[in-house]
């Protein structure tokens, strides 16, 4: 009677596994029901139905007896609907003709100034042609909403809203539909999926509207495309002009994240509406676990967005430095990791024994006395096994009153520990890293005099506090420091490759600034994000790949305005092949987690360089047909491909040979058995710059001598824009233990351009 396609024998197993994962992640599965997303073949609607919505409702009625209702219908990025179903109903529905897949809903989490100058955008702007096209580009941000009153959304100097724009400004609680302007041209919210799973939104905690009560959405959207704001700062720190990467681009926000998370049914609907509205770039600083692309709602939505020429940028995640920790690894998504700026916020901790340690802080308030202050380790001031972490209620006031308390980092929020110390009568706090965070320092707007220090300093301070009969300490706050070197370095929290879904696609693609980023903030919450923090600021400094993602989204808008004919793949290629992987002295970019040179698994192609990306010389372009060939290469079933792409389920031909190594990606990932072997990759370069002859160099990094790289041909000549030339790369590897990685770099150089690609080799 309904939707037609090939059944997966593993459906029941997959549903059980995803349900177990959902339960572990805190998903609500009440009355035996949870939300599923039903993918259907659009062409399979029976003739007796006048509209697809009628077909979907009837299909749902047939398995649930009227107990379930459609939450959303989808008709742009996918075909189908979402509904609350029991496991048995989902099985029955998946068996109906015309149903391609029935996917359990996934809950995604948010991946949570100086930047334009650090990236050279003050110089890059001069490279762009004088035109008004920059203001016609629209960046769509799916996040926690927007605080429209912030100066970052000032529309001074902007012309009328682009003629093709179809979006709108939705009113709701604490948000008037007139809040938008010529800068913030759209604001919508999506919560039907959230409320179906979690119950009604608690309006005492968040607005049932596009209003951003969290701050994350305002921060990300203003980072991507905020207008220039002079005199911006956080509590006196990072003073200067704050502006987004594409300050003349328009912003449209889609609130899909709430206190309880971001649900895939809402995310898909938000993406679908954003595409229909007419966005040019989609920015999503959120993610979940890893799963096959056809089960990953962001990957599903991003595929159709890519087909429509929309660039999709996503955060890699904050689960680093562990291997294989990244999310959003689909090859049609640009996956962004995080690096540091050359700006820091130093604070110095001096102990009574005269030893001085470097730390960081954004504290602004009454200073500690200049005389030494009694010092105590939290683990020695508590009767709780969790006392060293300064968890709520674990400190003994009589032991910490008037003292600087040393707290271990971990478990509860960093700034929340300061509230615990303050409430117990403490005078200040030193937040010490453990082995889990090493020497990475992230500045926080502490509520009392407080500073964060690395693991080594923390160990020394713990020893001192426990061994000296009368330990003392003091903290001095040194404000804002710029010109910090080396910079950038890869942030320890930034999620790493390899790509567990498709090891043949190297991820992340690149890194961008994601540590201590200043951008606009919500008026509903203090800079710490803690409910008891009653401070209010127009800007905030926070860190995460959530911050690096909108940098790339804004840069993509910047490139789109300069090159309106470039595809999303061409834009990504320009950003990747011009990224830098070494400092000016030739040393490789550092990874703060290891204090060694970062690898492509940490940073992909390297750190973005906008001034070069605007004129990359050559690009590796891709079309939807290329991605379809890729899906055939990874042997997806016809129904899985159809659900993901909306294309015919018989797309893959038995007479053709498909290979992941043939996908025209700007990076290389080769896999070998432990005994070694050879793998060939093919690539095609398109000239987008001056005529010229390019010569190739390809080499393995130090310590990766087991890899041999040969390229044929070794020279490519281009005489006009749009000309394409292909080449083949052969990777030969000797034997190595399974799990070994090797790295390298392939570079095409002309008189005017350098086009570089990272190389990963893995022995399995």
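Glycine too: its Cβ is placed from the backbone N, Cα and C atoms.
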TrEMBL annotation (region 'Disordered') - matching range among 145-171, 172-198, 199-225: 199-225
Between residue 216 (active site, charge relay system) and residue 546 (active site, charge relay system), the C-alpha gap once rounded to whole angstrom: 8
List of residues, in chain order, with Cβ under 8 A from that of residue 143 (active site, charge relay system) and at least 6 apart: 110, 212, 216, 217, 220, 221, 253, 254, 255, 256, 257, 283, 284, 285, 286
Within the domain 'PA' (394-460), residues counted as helix, strand or coil by DSSP: 20 helix, 17 strand, 30 coil
Of 216, 546 (the active-site residues), the residue whose Cβ has the fewest other Cβ atoms within 10 Å: 216
